[in-house]
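**Student:** According to Swiss-Prot:
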- 48-53, 74-75, 111-112, 139-140, Lys244, 273-275: NAD(+) binding site (BINDING)
- Glu75: site 'Plays an important role in discriminating NADH against NADPH' (SITE)
- Tyr225: substrate binding site (BINDING)
- Tyr235: active site, proton donor (ACT_SITE)
Amino acid sequence: MIIKPRIRGFICTTTHPVGCEANVKEQIAYTKAQGPIKNAPKRVLVVGASSGYGLSSRIAAAFGGGASTIGVFFEKEGTEKKPGTAGFYNAAAFEKLAREEGLYAKSLNGDAFSNEAKQKTIDLIKEDLGQVDMVVYSLASPVRKMPETGELIRSALKPIGETYTSTAVDTNKDVIIEASVEPATEEEIKDTVTVMGGEDWELWINALSDAGVLAEGCKTVAYSYIGTELTWPIYWDGALGKAKMDLDRAAKALNEKLGATGGSANVAVLKSVVTQASSAIPVMPLYIAMVFKKMREEGVHEGCMEQIYRMFSQRLYKEDGSAAEVDDMNRLRLDDWELREDIQQHCRELWPQITTENLKELTDYVEYKEEFLKLFGFGVEGVDYEADVNPAVETDFIQI
């Protein structure tokens, strides 16, 4: 079939398998061009490995460090009549390309929050790798099914205390609007922490540790975003921020646990990027369009792959073997360039000036839209979108 983009709200309901593969190839090419990561781990588990920072982590480990990788994710495969999710095609492409280079790559597809996912992953590690040297936790899900009760808990992207009103962009109509978001209830805050906090990360590490599949010196990292006062009301000071603070709590507990055998646990604070997750957060698309333009002008813009390569090579696995620089909460900070005072001051001054008329001129909004479509495999250079493609892609993913 010939597949065209169809947008509904914050998601594109169609995906292009060839475009998704081209995206993965692009990230691999970048990683190889940077050269090998000297002290990289050799056996890596990535939970949430099919898109965004998780996918880039798997690419950095495999193509930057020569690692054997296991990926866990929850994606829908395509049929001959209907495309699957972008993450499905990303993961399929990664496996194919890794194996072509003689790298071990296996994936498990299903609910990473479940006990079954943890058990099947442990079984696979025991069978194929023995142990792992690194665990990346990169889940971004709006819903968590509680393993013991089957209850579905949902997160809320809302402020705390009072209604938040701000200039935002309606990405469907490309117009500037006033967006208002009602505050979260106590219940919604609690639920957001349950879904997006550190509990499941702890459950994963504890299960892996109890099963004896964490190697001595194993490092684990989970991803977070803090941002600046421009986004704090909806993000860091909102329900989502409470969940991210819980991630810090979990990191502290896990760091003590893994530290006993020479390992470590850190939260890595990353910069804002165009992802399905960030596009759903009010205000983020406009902020991203502004900050990207300034960062590009300053020569410090990074996408997922650049960020993660820098995290591996300049933080966690430095060439000289020295310890990573961390902030006062023991976090790895990769948002350092985005938070530069000149860049933030530019955004603060620009924010009130943005109108529908000057949006495309004063910000990288056009590029934002292009990057958003790229997430789903559209608008990728060198892909023939008039060509007939088969959305049913063969994989040997292990079903959870």
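Positions of Cβ are set from backbone N, Cα and C atoms, glycine also.
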**Student:** Glu75 (site 'Plays an important role in discriminating NADH against NADPH'): which of the binding-site residues Gly48, Ser50, Val274 is the nearest Cα neighbour?
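**Tutor:** Of the binding-site residues Gly48, Ser50, Val274, Ser50 has its Cα closest to that of Glu75 (site 'Plays an important role in discriminating NADH against NADPH').
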**Student:** Residues with Cβ closer than 8 Å to the Cβ of Lys244 (NAD(+) binding site), same chain and 6+ apart in sequence?
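**Tutor:** Same-chain residues close to Lys244 (NAD(+) binding site) (Cβ under 8 Å, separated by 6 or more) are Met196, Gly197, Ser224, Tyr225, Ile226, Trp236, Val267.
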**Student:** Test of understanding: give the count of other CB atoms lying within 10 angstroms of the CB of Tyr225 (substrate binding site).
**Tutor:** 23
**Student:** Cα distance, Tyr235 (active site, proton donor) to Phe74 (NAD(+) binding site), nearest Å?
**Tutor:** 25
**Student:** Which site among Glu75, Asp111 has the most other CB atoms no more than 10 Å from its CB, taking these as recorded positions?
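**Tutor:** Of the recorded positions Glu75, Asp111, the highest Cβ count within 10 Å belongs to Glu75.
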**Student:** So which one is it: of the binding-site residues Leu139, Val274, which has the fewest other Cβ atoms within 10 Å?
**Tutor:** Leu139
**Student:** About how far apart, in whole Å, are the alpha carbons (Cα) of Gly48 (NAD(+) binding site) and the residue listed as 'active site, proton donor'?
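**Tutor:** With distance taken Cα to Cα, the residue listed as 'active site, proton donor' is 21 Å from Gly48 (NAD(+) binding site).
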**Student:** Counting other Cβ atoms within 10 Å, pick out the least crowded of the recorded positions Phe74, Tyr235.
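**Tutor:** If we count Cβ atoms within 10 Å for the recorded positions Phe74, Tyr235, the smallest count is at Phe74.
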**Student:** Can you check which residues sit near Ser50 (NAD(+) binding site), meaning Cβ under 8 Å from its Cβ, same chain, 6 or more apart in sequence, and list them in order?
**Tutor:** Gly71, Phe73, Glu75, Thr85, Gly87, Phe88, Asn90, Ala91
